[in-house]
Structure formats: C-alpha cells, structure tokens
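Trainee: A single structure is presented below for examination.
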C-alpha cells in the first residue's frame with residue numbers, strides 16, 4: 001500500500017515500486033487477547049518444564065558420575081571388573097557386552113524386519129495389509145518381561161542343540177569360537193555340559209532381536225510406502241517383475257528408512273534391561289565368545305547392583321549409565337538424521 | 001497392466017454418454033451402451049473383461065505346494081533313514097533350504113530367469129514375515145498358555161500374596177497388589193505426562209522459534225534414554241535423599257516409580273503427538289484465523305479436535321510402553337507382598353516386577369503365578385491397544 005502511494009507521489013521518478021521504501025510487514029497478532037496470552041504462557045511453561053527435566057537428567061548423571069570418574073580416570077574405560085568399593089571398576093567388559101548383544105540382535109532383526117516390511121508394503125494382499133500394520137504396532141507394545149519369560153524358560157533350552165552345532169561346525173568364525181580356558185568345555189567336545197551354552201550373548205541377542213524388530217520394521221515399512229507411485233508404475237511399464245520394481249524403486253527410495261530403522265533398533269537394543277537380565281549369567285570381563293555361558297550389559301549391571309550400593313558405588317553406576325546413554329544418544333541421532341534426510345529427498349523427487 | 005489402456009479408452013466413452021442419458025430419458029445402462037456403440041463399435045460391443053493384475057496362477061500354486069511337500073519329504077528321509085539327526089530346528093532349516101532349491105528348479109522349467117528370481121524373492125520375503133509373526137505368536141502364546149494354571153482361580157485376582165508362602169497351592173494368594181500397584185503408578189504417570197506432553201507438543205507446533213527447536217532436539221535425545229537410567233536417575237535424586245527410611249533401610253515407593261516412568265514416557269508421547277499435530281491441515285487453522293478466532297480458540301476448537309484420534313493413539317502407545325516397563329519400577333518401587341494403596345509410603349509392586357520376581361523362585365507355584373501375571377499384563381496391553389485402534393477408527397470416520 002505505502003509503496004504505491006510513494007510511487008504516485010514522486011511521479012517524476014520512473015523507478016517503479018520495487019525501489020520504493022520496503023513495506024513494513026503488518027503483524028496482525030501483536031495485541032493478543034488474554035486467553036491467548038494465558039495459553040501461550042502455559043504452553044511455553046510446559047516446554048520449559050520438559051526442557052528442564054530432560055536437561056536435568058543429563059546434567060545430573062554427568063555430575064554424579066564425576067565422583068567415580070575422578071577416582072577412576074581412564075581406567076574406567078579399560079577395566080574389566082565391577083568392584084567400586086575397592087576402586088577397581090570399569091566399563092570395558094560390560095559396555096562391550098552391551099554392544100555385542102545389540103549387534104547380535106541387529107544381525108537377526110535386520111533381515112526379519114526388512115523381509116516383514118517388504119512383505120507388508122509390497123507383497124501382502126491389501127485386505128491383510130492394515131491388520132498386519134496394526135499387528136506390528138502391537139508387537140512393539142509387548143512388555144519386555146514377556147520376552148524375558150520366553151527367553152529364559154523356552155529359548156534357553158530350545159536353542160542348546162543349535163548352539164552346540166554352531167560351536168562345533170562354525171567355530172572357525174571368530175565370535176562363534178568357544179573359549180576353552182574356563183576348563184568347562186572344549187570346542188567340539190561332544191560331552192560338554194549343556195549348561196555351558198546357556199546364559200550366553202547369543203540367546204540374549206535373539207530375545208532382544210525379537211523386541212526391536214517391530215520398531216525397525218515399522219520405520220522401514222513407512223519408508224517403503226513412500227516410494228512414489230509414478231516410479232513404481234514406470235518400472236512395471238518397462239516390463240519389470242515385482243522384484244525388479246522393488247529392487248530398483250522401493251529399496252533405493254527406502255534406503256534411508258532401512259538404515260534409520262536399523263539404528264533405531266540398535267539404540268533400543270543397547271538400552272534393554274529386564275529381558276537381558278533375566279536371560280544372561282552376568283560376567284564383568286570381555287566375553288568375546290557369544291555362544292558360551294556368560295554375557296554382560298551395562299543395564300543388567302545397574303539392575304543388579306543398585307540396591308546394595310553406597311554413595312560412591314551409585315556414582316560408579318551413574319557413570320556406566322552415562323556411558324550407555326551417550327552411546328544410545330549417538331546412535332539415535334544418527335538414525336533420526338538419516339531418516340530425516342532420506343525423507344526430504346524422497347519428497348523433493350516425488 | 002493391460003487393464004490400464006482399456007480403462008483409459010472407456011473413460012471418455014462413459015462421460016460422453018452421461019449427458020445423452022440424462023437428456024433423453026432415464027433409460028439406464030442398455031440405452032447408454034446403444035448410444036456408445038456407433039462411436040467405438042469394437043470396444044463397446046464386447047466389454048473387455050477386467051484383467052486381474054495380481055491373479056494367482058495355478059502353475060505357481062502347484063510349484064509352491066509341490067516343492068514344499070517334496071522338501072519336507074526329502075528332509076524326513078534324510079533325518080529318519082540316512083542320518084542320525086533329531087533336532088527340530090535342524091529339520092526345519094534343512095527343509096527350508098531344500099524347499100528353496102526344489103522351488104527354484106521347478107520354476108526354471110517354465111519361466112525365464114527374471115521371473116524365477118521374482119518368485120524366489122517373494123517366497124523368501126513371505127517366509128521372513130511368517131517367521132517373525134510365528135515367533136511373536138509363540139512368545140505371546142507361551143506366556144498365555146503357561147499362565148492358564150493360575151488364571152481360572154478367582155483368588156488370583158482378589159488376594160495379594162502377603163499371607164502366601166511360595167509353596168502354597170494356587171488356590172491361595174494372588175496378584176491383587178501388583179494390579180493395584182500397576183494401575184496407581186500408571187495413573188500418576190498419565191496425570192503427569194498427558195497434560196505436560198500434549199501441551200509441549202502443542203507448543204512445538206504453535207510457538208515456533210529457537211526454544212521450540214531446542215525442546216524438540218532435547219526430547220529427541222531423551223527418547224534414547226535407557227529406561228534403567230531413568231530409574232537410576234529418580235532413585236538417586238528423589239529416593240536416596242528424600243525417601244522414607246526405617247533403621248537405615250531405604251523404603252521405595254510407588255510415586256518415585258511413577259515419576260521414573262513419566263520421565264521415560266514423556267519423550268515418547270511428545271514425539272508422537274508432535275508428529276500428529278504437524279499433520280493437521282493448515283487450511284483448517286487458517287480458516288479459523290480468518291474467521292477472527294484467536295490462537296487459543298483455534299488450538300482448542302480446531303487443532304486438538306482434528307488431531308484427537310492421533311493424540312489418543314500416541315498417549316495409549318506411550319501407556320503401553322510405560323505399563324510394560326520393569327526396570328524403573330524395580331529400582332524405585334520395590335517389592336511389596338501386600339496391597340498398598342498409598343504411593344508415597346512403602347513399596348508398591350507392579351505387574352512386570354511381580355513377574356520378574358516370581359519366576360526367579362524355584363517353586364513351580366510361584367512360577368505359575370508369574371506366568372499368570374504376565375498373561376494379565378498382556379491382556380491389559382491388548383485391551384488398551386484395541387481401544388486405541390477403535391477410537392482412531394471411529395474418529396477418522398467422523399472427520400471424513
């Protein structure tokens with residue numbers, strides 16, 4: 001408006017409105033009614049409360065962890081023991097254990113989640129699709145203690161034969177190699193006690209795999225379903241089979257979702273407590289033999305040790321929890337970045 | 001695919017006939033076809049049957065079923081006659097590998113390579129989905145079936161366990177205390193997380209800016225917080241300094257557990273609600289503003305009602321996660337044997353914690369109770385989930 005009036009007033013100047021004084025943007029909501037003010041205040045307040053709460057968790061964990069970290073120093077990262085009272089503790093064993101369990105879980109969860117996601121988004125009959133999506137969501141809500149029951153009472157015994165077989169015939173693969181130095185069993189010893197194969201990283205990994213598969217699967221399915229229709233039909237029109245279409249359209253478009261979903265599952269797997277704690281027999285050294293008895297995870301150590309702990313021991317647990325938190329944080333951020341990037345890319349190309 | 005051209009051709013024909021039928025008389029379809037007939041005689045005279053793109057061919061079914069039978073039979077021969085194997089897992093794996101092999105050979109009899117690969121991948125993908133669904137069904141069924149011994153006894157729901165010794169029969173003692181504890185803890189957690197979470201999600205969408213971006217980032221980070229660390233945080237900040245002690249022994253309580261669960265649930269609810277609110281159509285909001293409504297009344301009358309079903313789903317999914325969470329309760333609520341209605345004093349057991357503790361007992365009776373409690377927990381989660389689905393469906397039908 002004002003630009004037009006200026007232009008007409010200085011009519012001799014040929015330059016049109018663009019050169020005129022830039023118009024001040026009128027802000028219609030500068031005077032807000034009291035209800036709006038109250039609402040905005042409350043919304044802001046809740047935002048600040050959440051912010052404060054979440055920041056407090058991180059800050060408090062770091063602060064309380066200081067006591068232990070100051071005493072322990074770099075030994076905290078390299079020690080394979082958990083005896084805080086005698087100042088001999090570290091996360092080398094237990095964090096490695098967490099990572100090994102999570103990696104085992106992802107090893108099984110990735111193909112399962114990928115296959116199920118592909119099946120639901122590409123192969124399932126349309127009528128079944130909705131039910132399957134709801135079912136996967138429901139699976140994500142199954143309490144972890146139920147998986148723990150299954151792992152402890154069923155899978156631990158059911159898997160002995162398979163574990164035995166794997167350690168006999170696949171022992172040449174580094175992580176599947178059984179440790180001999182415990183004196184309990186030799187690799188390939190047919191008389192080895194079955195109990196040597198229970199409570200292992202492998203069993204915990206399978207149980208956790210089942211827990212994280214639904215989450216990974218639903219992220220992947222979401223990504224697959226966003227593959228643009230035009231490209232799909234284009235592939236079919238060029239004579240592609242369904243698999244040809246999936247491989248050349250759906251999978252490239254959903255790649256971010258696959259990676260992101262996997263990493264999200266990895267983050268969940270790292271932090272899982274109860275199911276793991278129920279299944280494994282806890283050890284504090286680095287257990288690099290995933291089929292053998294004995295496994296460890298940071299969260300299981302916390303669950304086991306919190307009660308009998310002194311002030312200093314709790315500080316040590318806090319430090320371990322902080323290390324775990326930082327790790328899941330890094331994994332989660334990586335995942336959400338990858339998912340977000342892939343999604344925006346898909347939109348711009350569609 | 002060949003259905004596509006036929007629809008393209010017939011579409012203009014029907015639109016062309018539409019005015020004709022309305023102009024002449026309500027002569028219905030036969031009249032319409034006679035009108036079309038001179039225009040495109042070849043197409044209209046013999047209406048091409050719509051081809052089913054996803055048709056299941058009989059050869060495919062034969063190949064699939066035949067290969068399956070052949071594989072199982074061969075594996076049975078290997079396992080029973082040839083080799084001393086007896087492992088059921090081995091049987092299934094061997095049969096599966098053989099099936100893929102035989103299926104491949106069968107298909108290559110009358111298909112070219114891309115088609116064979118297509119069928120093979122379809123078989124693998126479907127079997128992966130089947131494995132997941134089957135295993136999940138087994139996990140759930142395992143808890144339900146093993147819980148059947150405890151479930152039929154009425155006292156299982158109406159009594160707590162403080163007068164029951166572990167070796168007592170199942171007709172004595174129950175899980176009332178755990179059910180009560182779970183309900184109280186989740187109610188407190190919901191009372192904290194629902195208003196705070198939804199309001200924060202609204203703020204993220206309504207008041208964009210640096211603060212919102214920061215809150216969103218921090219919330220995203222907090223979803224990575226392992227639940228046990230949330231429990232440890234509350235244990236060390238609230239329980240150790242402020243908790244009740246008798247003769248130096250720390251008494252945990254339901255309130256602390258509820259707060260720990262809230263810390264865990266809050267990021268989940270905020271993120272899910274944030275996504276739902278972001279999906280509210282902007283045109284609705286703009287229409288509301290154009291009618292002169294303020295921000296508050298737009299949020300209250302337009303945004304929230306539109307997103308209600310999604311918000312309900314977000315909250316209920318968060319609730320399901322919170323219900324099943326054991327580790328924060330383990331740290332903060334402690335183990336109780338009697339029913340405790342007061343969340344601020346004395347331990348308060350929740351269902352998952354009861355399960356966790358009961359199945360570590362060597363007594364088969366306690367293990368049966370543990371299974372029973374797990375079954376009850378599963379049923380609660382299932383009911384919640386179904387409610388969420390039904391609510392979402394009903395509201396969607398109302399808005400559309």
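Note: Cβ is positioned from N, Cα and C throughout, glycine not excepted.
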Trainee: Looking at A:9-27, A:28-46, A:47-65, which one is transmembrane segment according to TrEMBL?
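Mentor: Within the set A:9-27, A:28-46, A:47-65, TrEMBL attaches transmembrane segment to A:47-65.
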Trainee: Choose the correct range: of A:174-195, A:196-217, which one does TrEMBL annotate as transmembrane segment? Give that range.
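Mentor: Checking TrEMBL against the ranges A:174-195, A:196-217, the transmembrane segment one is A:196-217.
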Trainee: When you check the transmembrane segment (A:91-120) against the transmembrane segment (A:132-155), do you get at least 3 Cβ pairs under 8 Å, counting only pairs 6 or more apart in sequence?
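Mentor: Counting Cβ pairs under 8 Å (6 or more apart in sequence), the transmembrane segment (A:91-120) reaches the transmembrane segment (A:132-155), since there are 3 or more.
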Trainee: Are there residues at least six beyond either end of the transmembrane segment (A:132-155) with Cβ under 8 Å to its Cβ atoms? List them, or say none.
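Mentor: For the transmembrane segment (A:132-155), the sequence-distant neighbours (Cβ-Cβ under 8 Å, at least 6 residues beyond its ends) are 116, 119-120, 124, 203-204, 206-208, 210-211, 213-215, 217-218, 221, 272-279.
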Trainee: When you look at the transmembrane segment (A:312-335) alongside the transmembrane segment (A:47-65), do they share 3+ Cβ pairs under 8 Å, ignoring any pair fewer than 6 residues apart in sequence?
Mentor: yes
